[in-house]
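K.L.:
Take a look at the following structure, please.
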Amino acid sequence: MTRMLIIGPPGAGKGTQAVRISERLGIPAISTGDIFRANIKGRTPLGQEAKSYIDAGDLVPDSVTNRMVRDRLAEADTADGFLLDGYPRNAAQVEELDAILAGLGQELDVVLKLTADRDELVQRLLGRAQKEGRTDDTESVIRHRLDVYDAETAAVVDVYDRRGVVREVDGLGTVDEVSQRIMTALS
Ligand code: B4P
């Protein structure tokens, strides 16, 4: 049973690696970014609430995000473990996740931290922009998302570091190389 987070700046490879880890460990990968994007595409009320924040590269308000994660973690498929991708992203979300897990009688086993330098992150996201055309993958929004990460999310790693659950993996190199490092770090 594995309950884990994957954390790192935009472009570090969280979404890419989350899919692989999920298949390998047989646990659901839950990406808050993907859930928001699916809701935007489906024009749901949640999507309408989130869209302007995502387009600007800002965090969606905690009230919206926390409720969404609480509902998702209550679903039956998470009983044997899960991989959260993109959450928590600030101190208030850490508190909320602690409360959700305490309510379920669960604890996190591991927090996987993916690293990469800023130039590489910007290049990857600009590369994705050409392929996928995500509204938040323009250069100015990418730089803003990186600033938001430094201002709000980097401290989340420190919290889990103090709890002794962080395993850091170098996100540079090919997708396969990074996957290999992750599997070694998790074994
Ligand atoms: P996310 O969807 O989490 O977007 P992201 O940080 O860019 O990560 P993503 O997983 O997509 O990219 P990855 O690094 O895998 O968030 C988007 C927005 O949603 C946020 O800005 C915010 O507005 C909102 N949001 C989400 N969660 C929230 C929360 N908890 N609270 C509030 N708001 C929230 O990959 C990037 C690119 O790199 C890809 O093109 C990939 O192919 C490439 N890549 C990956 N690994 C590579 C490698 N080894 N080599 C070369 N390229 C690689």
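Along the chain as shown, the residues are counted starting at 1.
Including glycine, each Cβ sits where the backbone N, Cα and C put it.
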K.L.:
Among Arg20, Arg118, Arg145, Arg162, which is the one TrEMBL gives for the AMP site where Thr32, Arg37, Asp58, Leu59, Val60, Gly86, Tyr87, Pro88, Arg89, Gln93, Arg134 also bind?
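P.N.:
According to TrEMBL, the candidate sharing the AMP site with Thr32, Arg37, Asp58, Leu59, Val60, Gly86, Tyr87, Pro88, Arg89, Gln93, Arg134 is Arg145.
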K.L.:
Which candidate from Gly164, Gly173 does TrEMBL annotate alongside Gly11, Ala12, Gly13, Lys14, Gly15, Thr16, Arg128 at the ATP binding site?
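P.N.:
Of Gly164, Gly173, Gly173 joins Gly11, Ala12, Gly13, Lys14, Gly15, Thr16, Arg128 in the ATP site that TrEMBL records.
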K.L.:
What number of additional C-beta atoms lies within 10 angstroms of the C-beta atom of Gly15 (ATP binding site)?
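P.N.:
Taking all protein chains shown, Gly15 (ATP binding site) has 17 Cβ neighbours within 10 Å.
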K.L.:
Could you measure between Gly15 (ATP binding site) and Val60 (AMP binding site) for me? Cα positions, answer in whole angstrom.
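P.N.:
About 18 Å separate the Cα atoms of these two residues.
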K.L.:
Please identify, among the binding-site residues Asp58, Val60, Tyr87, Arg89, Arg134, the one with the smallest Cα-Cα distance to Arg128 (ATP binding site).
P.N.:
Arg134
K.L.:
Compile a sequence-ordered list of residues in the same chain as Thr16 (ATP binding site), six or more apart from it, whose Cβ lies below 8 A from its Cβ; state 'none' when nothing qualifies.
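P.N.:
Same-chain residues close to Thr16 (ATP binding site) (Cβ under 8 Å, separated by 6 or more) are Val175.
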K.L.:
Any same-chain residues 6+ apart from Arg134 (AMP binding site) with CB under 8 Å of its CB? Would you list them in sequence order, or say none?
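P.N.:
The list for Arg134 (AMP binding site) reads Arg37, Arg128, given in order along the sequence.
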